[in-house]
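Annotation source TrEMBL lists active site, proton donor/acceptor at 406, 415. What TrEMBL lists as S-adenosyl-L-methionine binding site is 294, 303, 304, 362, 390, 391. Feature annotation from TrEMBL assigns domain 'PRMT5 TIM barrel' to 41-175, 186-260. The domain 'PRMT5 arginine-N-methyltransferase' annotation in TrEMBL covers 266-435. Annotation source TrEMBL lists domain 'PRMT5 oligomerisation' at 438-604. Taken from TrEMBL, the feature site 'Critical for specifying symmetric addition of methyl groups' covers 297.
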């Protein structure tokens, strides 16, 4: 059975298997499987071939069991194949290397014949493993459903802290974890005599759970837990199916770790289906948004609460308490959509006791229809004037005290907020207030192999020169974010260009070691008014807000960064008569091409 269901997480279940240490020949495999399943393990990691086998001409592969001893569903659902550990694909001995290649291909072929979902490969025997990579790559090109799992030692160079929650180390604890595997000898013993993990191992394991990994418990029991039916040290006991597996206490503890994880917050529950899914950014000026898009954005109550706070502060600063009864503030919502900012503005006026006259400017004729219905439904006819026009073309009958907009994209300016607000600020009073008043974009280098492979599948350059909106999940952040471009409103120099250029140098922390950079994650932070801000930059992100996912700028070819080596990247924001686009390039530690030159692959239309 699965480890349990984490509240709010409807994604892939987490399962726990157990490794068979002894070669289960013939009819033993069904009994071992039955015993393990009855003890609540989900699958077996079992050898497929006799470990003493070496290929010889005309020999028959000595498999662990015929494909007839288990049903097809049992093979595919409950068995993970364990490839022979003696295989050394980079051996200096040529015969051993050739035997290793032959045996690996034979075992993978047998696993495919059994319809197994996965096989666990032994780790490379040495740091130089070019032939290992070549052989595995060849095998992967011929596979369809079979997954290959690789054991990766995560060795620590410093001793573990004494952070065991009162546990005593009664074994020779191994400071090595395996990506999908937890060894029984890595467990400590708590005060009650039960197995437990150090805090660091717990943190490592919960981090893996967040990425949908499965767990395999390996080794022999080091804990004589007093409970009915547990036979210590006899992992493959098969005579009495009522007897629990000797490693069941370890399974119970792993399940306990998973089940006690905090429930997913509301924001994560909303975003879970979008994880690592590449989306093209909106074209808000070229295209009219659909009702479903508006509805998604309007559900983000946190965003509109922040806007209401900012508008309330601006109204109080604009009109003193002495002038409340005689002064009416003119507020223009540019890009009003279906009216959420109109509502936030009127609620802010009611909250502060200020009089308000609202102009709602919207270019989408379909959204204007909804706006008229909303105004009539709420009885706001005397307070709100609807303008069906592009803000850049409208001639306002009077100047505004406050200009409110929600034109921000995932990178701040990537949905052309600067161009729109520059065109609209002509009907703002000289001392008028813009909400937002400024916004800054940020980037950071990331490792994102899944995103890279998804883009690579398109087999063209254009997709590598496109910026994507994506809920980042299976990535590694390699350095702290740095600011890229900043825009202020109202713009004190209305004729100034919105073109930008910056060069940034990222220092990779020493503990990160060498890494592979697949691209740059982009964020923004906006100052709505004074101390009220809104953004997705990781260090200052507005909690529980889901209107924006980060933006991802990919690299056509991943950049290898040696340890202690900085990354230098250049970003351009370019403006033409009909479009705005970004260009980017890495110059250190090795140069990349300039991506999206002249906006040939990706742009935002004016």
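Every residue, even glycine, has its Cβ placed from backbone N, Cα and C.
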Given that the record lists 294, 303, 304, 362, 390, 391 as binding S-adenosyl-L-methionine, what is the largest C-alpha to C-alpha distance among them, in Å?
24
What's the CA to CA span in angstrom from residue 304 (S-adenosyl-L-methionine binding site) over to residue 406 (active site, proton donor/acceptor)?
10
Rounded to a whole number, how many Å is the Cα of residue 297 (site 'Critical for specifying symmetric addition of methyl groups') away from the Cα of residue 390 (S-adenosyl-L-methionine binding site)?
21
Taking just the CA atoms, what is the gap between residue 391 (S-adenosyl-L-methionine binding site) and residue 406 (active site, proton donor/acceptor) in Å?
13
Mean predicted confidence [pLDDT] for the domain 'PRMT5 oligomerisation' (438-604):
95
Cα distance, residue 406 (active site, proton donor/acceptor) to residue 294 (S-adenosyl-L-methionine binding site), nearest Å?
12
If I take the alpha carbons of residue 362 (S-adenosyl-L-methionine binding site) and residue 406 (active site, proton donor/acceptor), what is the distance between them in whole Å?
12
Would you please pick out, from the recorded positions 362, 390, 406, 415, the one with the fewest other Cβ atoms within 10 Å of its Cβ?
390
Could you give me three numbers for the domain 'PRMT5 TIM barrel' (41-175), the DSSP helix, strand and coil residue counts?
39 helix, 23 strand, 73 coil
State the Cα to Cα distance, in Å, between residue 303 (S-adenosyl-L-methionine binding site) and residue 415 (active site, proton donor/acceptor), rounded to an integer.
17
